[in-house]
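*Asks:* Here it is, the structure in full.
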Amino acid sequence: MGRYELVRSDDAPAVAADLEAGTAAPCDGYPKRRVFTPSPSPSPAPASTRYRQRLVSLDVFRGITVLLMIIVDDAGAFIPAMNHSPWDGVTVADFVMPFFLFIVGVALALAYKRVPDKLDASRKALLRALKLFCLGLVLQGGFFHGVRSLSFGVDLQEIRLMGVLQRIAIAYLLTALCEIWIRGDEDVDYGYDLLKRYRYQLFVGAVVAITYMSLLYGTYVPDWEYQTSAPGSTEKHLFVKCGVRGDTSPGCNAVGMIDRKILGIQHLYGRPVYARSKQCSIDSPQNGPLPSDAPSWCQAPFDPEGLLSSVMAIVTCLIGLQYGHVIVHFQKHRERMMNWLIPSFSMLVLAFAMDFFGLHMNKPLYTLSYTLGTAGAAGLLFSGIYTLVDIYGYRRPTVAMEWMGMHALMIYVLIACNVLPIFIHGFYWKEPKNNLLKFIGIGA
């Protein structure tokens, strides 16, 4: 996304960590450095003594999220707690997507701290979002046929239209436009002043959440049918009986219905997460054969990054944006921590209360309780990383995460989307099984 750099004074003294003063000392055994916080002096430092530096804790947070994504992709098949929840409830894997969206929001607040030309900034944000969306179409639309297939190409009549990068692109664009066009100019001295300055952005977030809730619980879902076929078998027509309103089960929810109506069922993800539920798999929470009494919707396509669920992804990004505003407007570490921790704990409490009263945390539907719970967890984790890295200077243990965070998109494309494994399998001797992996002793 856009660069997020902070200007700070170079003449701040290196003293012990002080939450009130906003300064920190380096850790023993690591070269001395100073955090990005400005000097206590209200006068700006001379231009020759100022320099730009990335917010290290944000890179580390992004790197940790990338690593978590790689781990859950590989370990999820063996450890249920590391795999996505089949429906209601959350696992470790279900935090990856909202963490990325939260990070995008924080970065946007720093990237658009000053916007001299709003039209130009909007044009660039639109181009970035389009590039990200198109990249997602290539990587997750079905263009690649698997690591070992050595073939590619996709029928445009069946291309998957939504995906991880597409969702991030949508959330990025709308959040960027909010930051560019609808923010106030009031001075910020206290946490309440943030609410006043960015009240219109908060209003947008509230409208988005209310719209989502209204559609999720107010949309009538009629009966529907679909076709399915397996290799070596005939095509089957399956009928799903719904005729309900406000249902959040896998077969009759408004999220899936809207995707089927607008995108078309042939453009949805063909391996739905609920196929691992107890209703659809005798090996639940892993994939397995269908039970004899399996519901008719078990084999129906469902996109976990669909249209309506992506609406709530915008809210996660807007929440991250507000956390970024805290960095922009508050100089002292103590003020930043207070303005992060209070809303983080509040969102977690509200999320668990909603889940307790029946509004369950659900990643495929991206429910409001899931949005608040994962955003609160992201805020707490970011606060902890900020304390260790940017206040106390513990950078040596996190240097690998920092590097991964600075190259997150490249790692996602090469590793998570299997581009690197496909590339490696593409070089072989006489037969595809004699590829580079076998040559170096890893195996085909």
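Our numbering is plain: 1 for the first residue shown, then up by one each step along the chain.
Cβ from N, Cα, C; glycine included.
According to TrEMBL, the feature domain 'Heparan-alpha-glucosaminide N-acetyltransferase catalytic' maps to 54-177. The annotation transmembrane segment is assigned in TrEMBL to 60-83, 95-113, 125-144, 164-182, 202-220, 307-328, 340-359, 365-389, 409-429.
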*Asks:* If you average the pLDDT over the domain 'Heparan-alpha-glucosaminide N-acetyltransferase catalytic' (54-177), what number do you get?
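*Replies:* In the predicted model, the domain 'Heparan-alpha-glucosaminide N-acetyltransferase catalytic' (54-177) has a mean pLDDT of 87.
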*Asks:* For the transmembrane segment (340-359), which partner among 202-220, 307-328, 365-389 gives the most CB pairs under 8 Å?
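*Replies:* It is 365-389, which has the most Cβ pairs under 8 Å.
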*Asks:* Counting only residues 6 or more past its boundaries, what in the same chain has a CB within less than 8 Å of a CB in the transmembrane segment (307-328)?
*Replies:* 6, 55, 97-98, 101-110, 113, 162, 166-168, 170-172, 174-175, 178-179, 194, 197-198, 201-202, 204-205, 208-209, 211-212, 215-216, 254-255, 258-259, 262-263, 335-336, 339-340, 343, 347, 364-368, 370-371, 374-375, 378-379, 382
*Asks:* Give me the DSSP three-state residue breakdown of the domain 'Heparan-alpha-glucosaminide N-acetyltransferase catalytic' (54-177), ordered helix, strand, coil.
*Replies:* 80 helix, 5 strand, 39 coil
